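Novice: What follows is a structure written as structure tokens; I'll ask about it next.
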Amino acid sequence: MNLQGKNVTLYDMSLLXFMHPNPYHITLEQMIAVPTVLDAPRIPLIEITLRDGLGGRSINYVFPAHIDEEYLRAVIPRLKQAKVSALLLPGIGTVDHLNMALDCGVSTILVATHCTEADVSEHHIGMSRMLGADTVGFLMMAHMIRRGKSAGAARLDVKCYGANCIYCTDSAGYMLPDEVSEKIGLLRAELNPATEIGFHGHHNMGMAIANSLAGHRGGASRIDGSVAGLGAGAGNTPLEVFVAVCKRMGVETGIDLYKIMDVAEDLVVPMMDQPIRVDRDALTLGYAGVYSSFLLFAQRAEKKYGVPARDILVELGRRGTVGGQEDMIEDLALDMSRARQKQKVSA
């Protein structure tokens, strides 16, 4: 793979990802510390959003220590060169939340939908572009798109709604490099040359670095990651590792390798409540093609009902569940527990 001389823009998702091992307990001091330190290695764009995006204070997760606006207004004035992005989920975030974020100084809005439901993003993408924001159509669980469908969904966003970047998002960490190359290639062939493509990977199958390289080779100019690999499941693409790999391959990132290594080791790792690694449950997420954020829900259900999280995740994958169906995990675990009890009685 020869990428010598190519440029790539890396985006840090650490604060969004920090909500997974430390669900919604992040303080203003922590929210300020991570972006301001990431500013030094010259990270160009930093995500500052709650787990469910703008307006995402939800009983599905945990109520955060602070609201979106408090976090944004605390961080953005302290950044010297990095820009700030925010996640917005149609059905959760509203135009009022969008206006608030832009008023706080957010420059990029990621409008996230399930990969086959991009049509629900029309109003949000259109409004974001009308207000002058760098606007991304963030297509989640991209592995679930049948061959040839991803380009159609993306064209809908770009031509009808005006997104200037489309993301292929491997939310389950399921895809292999050839699959990433194929999907990115389809997007690049169908989209206007001026429309950028991004790739967001998860490390559940240990493929985040390889998949990000495949995405970049296929035409993705924006690559997501997080320092120390923070993120759901086995985490996102570890940025410090990816920067080192890019440096070895002659790909220009504009990021200071030693400084981002230090941020990961000295600041982020000590903030973790638990290590992020490819354990059996995270590996099952990737193998079964399950939304990475389901991991903690499945582990909680295991403790409550005695059904192994791995078995719950495999069944969720078999049923083709998608992000937003967290309530099904509890019901499924209860059903599986009852079925096991009946088997014991009949035996």
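Any Cβ shown, glycine's included, is placed from N, Cα and C.
Found this in Swiss-Prot, in case it helps:
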- 8-261: domain 'Pyruvate carboxyltransferase' (DOMAIN)
- HIS20: active site, proton acceptor (ACT_SITE)
- SER171, HIS200, TYR291: substrate binding site (BINDING)
- HIS200, HIS202: Mn(2+) binding site (BINDING)
Novice: Restricting to the domain 'Pyruvate carboxyltransferase' (8-261), what is the model's mean pLDDT?
Specialist: 88
Novice: Other than SER171, HIS200, TYR291 themselves, what residues in this chain have Cβ atoms within 8 Å of the centroid of the substrate site's Cβ atoms?
Specialist: MET140, MET141, ALA142, THR169, ASP170, ALA172, GLY173, HIS202, ALA232, SER292, SER293, GLY323
Novice: In whole Å, how far does the CA atom of HIS202 (Mn(2+) binding site) lie from that of SER171 (substrate binding site)?
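Specialist: The Cα atom of HIS202 (Mn(2+) binding site) is 6 Å away from the Cα atom of SER171 (substrate binding site).
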Novice: Pairwise over SER171, HIS200, TYR291, annotated as binding substrate, what's the top Cα to Cα distance to the nearest Å?
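Specialist: Those residues reach a largest Cα separation of 13 Å.
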Novice: Restricting to the same chain and to sequence separations of six or more, state which residues have a Cβ under 8 Å from that of SER171 (substrate binding site).
Specialist: MET140, MET141, ALA142, HIS200, HIS202, TYR291, SER292, GLY323
Novice: If you draw a 10 Å sphere around the Cβ of TYR291 (substrate binding site), how many other Cβ atoms fall inside it, taking every protein chain shown into account?
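Specialist: 28, counting other Cβ atoms within 10 Å of TYR291 (substrate binding site).
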Novice: Across all chains shown, how many C-beta atoms besides its own are within 10 angstroms of the C-beta of HIS202 (Mn(2+) binding site)?
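Specialist: Its Cβ has 30 other Cβ atoms within 10 Å.
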Novice: Let me know how many other Cβ atoms fall within 10 Å of the Cβ of HIS200 (substrate binding site).
Specialist: 29
Novice: Going by DSSP, is HIS200 (substrate binding site) sitting in a helix, a strand, or coil?
Specialist: strand
